[in-house]
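Reviewing the structure listed below.
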Amino acid sequence: MSATAFPTLSTPAGEIPATAPAWNRQRRSQMPSHRYRDVHSRVAVPLTDRQWPTRRLTEAPLWVPVDLRDGNQALAEPMDPARKRRFFELLVAMGYKEIEVGYPSASQTDFDFVRLLADTDLAPDDVTVVVFTPARRDLIERTVESIRGITNPVVVHMYTATAPTWREVVLGHDRAALRALILDGGREVLRCAGDLPTVRFEFSPEVFNLTEPDFVLEICDAMTELWQATPQRPVILNLPATVEVATPNVYADQIEYMHRNLARRDSVILSVHPHNDRGTGIACAELAVLAGAQRVEGCVFGNGERTGNVDIATLALNLHAQGVDPMIDFSDIDEIRRTVEYCNRVEIHARHPYVGDLVHTAFSGTHQDAIKKGLAEHRARAAARGVPEREIDWRVPYLPIDPADIGRSYDAVIRVNSQSGKGGIAYLLESEYGTVLPRRLQIDFARHVQQHTDDTGREVTAAELWSLFSAVYLREGEADAPQADLGNRLGIDGVVASGASAAELGAALRRHGVELEVLAVHHTTVTGELLALVEYRDGAGVRWSAGRGRTAGEAVGNAVAAAVGPATAPARAVAEVRPG
């Protein structure tokens with residue numbers, strides 16, 4: 001490709017680093033990377049004997065969807081009351097037991113929604129309601145006003161940014177002044193809501209992942225002391241990766257440091273809130289749970305500011321795929337998707353994990369062949385054990401989970417385009433029409449499909465595959481195509497031969513001067529009708545034909561008739577029928 005094809009790009013033309021191996025010919029680019037500092041020069045992580053790498057995920061953390069607050073703030077068009085209510089009802093139906101419902105001091109819509117929960121039975125008794133507030137007296141008072149009368153458990157979630165850049169540039173405070181501001185906010189929360197028996201408290205040191213570990217530990221310990229955290233009334237300490245800045249192992253180290261050094265650890269629910277700026281929010285959350293986190297905040301399908309909050313649906317289904325109960329129901333993921341798209345007015349990408357339109361779809365020929373064989377083995381194993389297919393271990397290649405677990409069918413698992421092979425083609429014909437092609441016919445038909453997709457550049461549907469198959473092998477509707485009746489009388493250019501089997505038909509053909517060697521006959525069906533597949537040799541080489549019928553004899557007769565039609569170069573032949 002010429003350098004002028006993309007004139008807005010500057011192809012790297014610097015030197016090849018002296019340390020680069022001979023096989024790596026990348027050159028230094030013109031990207032201004034020198035403007036940025038790596039995370040290790042911005043914040044220290046005093047953890048050297050980390051334990052999280054040897055741990056395993058064996059149970060789900062407490063999932064806390066923040067779609068109605070954090071996710072809602074990120075929408076170009078925030079949810080109206082009807083959409084907020086619909087989303088809340090979805091979260092309850094899925095099984096979430098702690099839901100952040102809004103920022104009542106920031107908007108009247110959020111305040112009114114919290115009051116709706118107070119005035120109705122929309123929130124089941126076992127669902128905890130979380131409300132969000134900055135550490136400001138007037139906003140804390142407004143927040144607590146919104147929750148009065150709610151009989152459900154309530155969490156008042158207070159936050160303040162603590163990282164150096166935020167302290168100095170945004171808030172204009174040093175460490176001591178910010179500590180005082182946070183504790184003043186904590187006292188206001190205690191003054192306004194401390195006597196409410198169903199209320200617990202949560203604190204988030206915003207931008208935790210860029211805050212000095214000793215400072216954030218000092219503040220968190222001061223908050224749990226102020227709020228008198230006990231095992232009976234634990235405090236949630238939520239540690240956000242507000243802007244993702246490092247590889248997930250760094251965040252895991254930071255979480256483990258807090259987990260191992262917090263005071264009153266048995267009275268703390270350690271929570272995380274990863275974002276996805278580097279595209280590794282999922283990994284950050286999973287490693288954080290290994291490191292000691294017990295609670296994860298995020299959004300269903302990952303909506304949120306910039307590149308989004310961590311996707312708690314993907315996190316849950318990752319556990320499901322490892323044999324761990326996610327404690328949330330995804331049995332109709334397409335209904336969940338429709339609701340989330342309606343409420344957020346944001347479409348979900350076709351490749352989004354688990355929920356995207358194409359995540360269970362294979363176009364690649366090698367993938368299709370493996371999936372087809374895996375599904376066949378799965379069915380056979382279930383039949384051999386005499387148990388339903390849904391009850392045996394899932395081990396189909398390229399499909400991490402059974403699509404049926406989340407309400408998907410197998411209809412879209414295999415789709416055919418120019419990258420596809422015989423396995424996918426055969427699978428579609430079998431799944432849509434009940435037609436099982438023998439391997440040699442799969443190979444032959446794949447050549448015709450490849451030519452068709454190369455010519456059109458389009459995906460081929462199952463209906464189009466069958467139309468192409470009919471044109472190539474059945475030859476139905478052609479003016480010169482011979483026909484066979486129920487008695488297997490074969491008309492070839494006015495010459496009538498009779499036969500009750502493929503071998504006899506072949507012999508009859510030879511008696512009338514048609515040299516056709518029948519190599520094999522296979523029997524299958526097409527939408528309930530009998531279908532015969534005949535492999536034969538004529539002057540043009542080895543070929544295939546097909547015929548439909550109400551009886552096996554009629555189907556075979558029609559298949560031989562279709563074979564005779566294109567036979568133009570007679571060759572010496574010996575009639576032979578081999579079992580298919």
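Going from the start of the chain as shown, residues are counted 1 onward.
Glycine is treated like the rest: Cβ placed from N, Cα and C.
Swiss-Prot has this to say about the protein:
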- 1-37: region 'Disordered' (REGION)
- 1-11: compositional bias 'Polar residues' (COMPBIAS)
- 61-334: domain 'Pyruvate carboxyltransferase' (DOMAIN)
- Asp70, His273, His275, Asn309: Mg(2+) binding site (BINDING)
- 476-580: region 'Regulatory domain' (REGION)
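Outside the region 'Disordered' (1-37), and at least 6 residues removed from its termini, no chain residue falls within Cβ reach (under 8 Å). Over all protein chains present, the Cβ of His275 (Mg(2+) binding site) has 25 other Cβ atoms lying within 10 Å. When the binding-site residues Asp70, His273, Asn309 are compared by the number of other C-beta atoms lying within 10 angstroms of their own C-beta, Asp70 comes out lowest. Apart from the site residues Asp70, His273, His275, Asn309, the chain places the Cβ of Val66, Pro240, Thr242, Pro274, Glu297, Gly298, Cys299, Gly304, Glu305, Gly308, Val310 no farther than 8 Å from the centroid of the site's Cβ atoms, the recorded Mg(2+) location.
Under DSSP, the residues of the region 'Disordered' (1-37) split into helix, strand and coil as follows: 6 helix, 0 strand, 31 coil. DSSP assigns Asn309 (Mg(2+) binding site) to a strand in the three-state reduction.
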